[in-house]
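Data first, discussion second: the structure below is written as structure tokens.
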Amino acid sequence: MAAATGGRRRRRSGQHWSTASSPAPLLLPRGAEVEVRLDGEGFHGSWYEATIVDFALANGRRVRDYTATYSHLVNNDVCSAITEIVPAIQVRPRPPPPPPPSESSSPPRFHLYDIVEVFHYDGWWTGIVMSTPDPEPGATATAIITIGFPITREAIEAKDGIG
């Protein structure tokens, strides 16, 4: 329900009225640690760790672009981290770190055809678990699994579980 007053629209939010032109809260502030998706040739939707340096607003309300500095990607010409402007749709917050292992907990195990993200070539790549070892009763050691990347048609071996 909106009421027009003096040429401006106002929205009712809860018990308070607010102008429709008030800026939305910033989702990712300067200094936020994020991941940026790259879709260029050779990257195919991989995610790279970065830090937000600045942002640009669209119509004063929503974030249109972020300026981000990559953590692992460097410009070989000047030996410094790459900083670039990226659309907000290609930025996501970094996931929380895994909990510390305890004596009573066992690491998670992956199953055949699970979709996973693997840190590979300085970025996070989406892959599919292609092979898993036969589970051994009472085994707590980390096993090796094969991850396939459908887009690049590449397969790598990775450790199953945290450790």
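Cβ coordinates come from backbone N, Cα and C, glycine included.
Predicted, not measured: the structure shown is a model, and the values here were computed from it.
Record features, source TrEMBL:
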type	residues	note
REGION	1-24	region 'Disordered'
DOMAIN	31-96	domain 'Agenet-like'
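Regional average pLDDT for the domain 'Agenet-like' (31-96) in the model is 89. The domain 'Agenet-like' (31-96): residue composition by secondary structure is 3 helix, 44 strand, 19 coil, according to DSSP.
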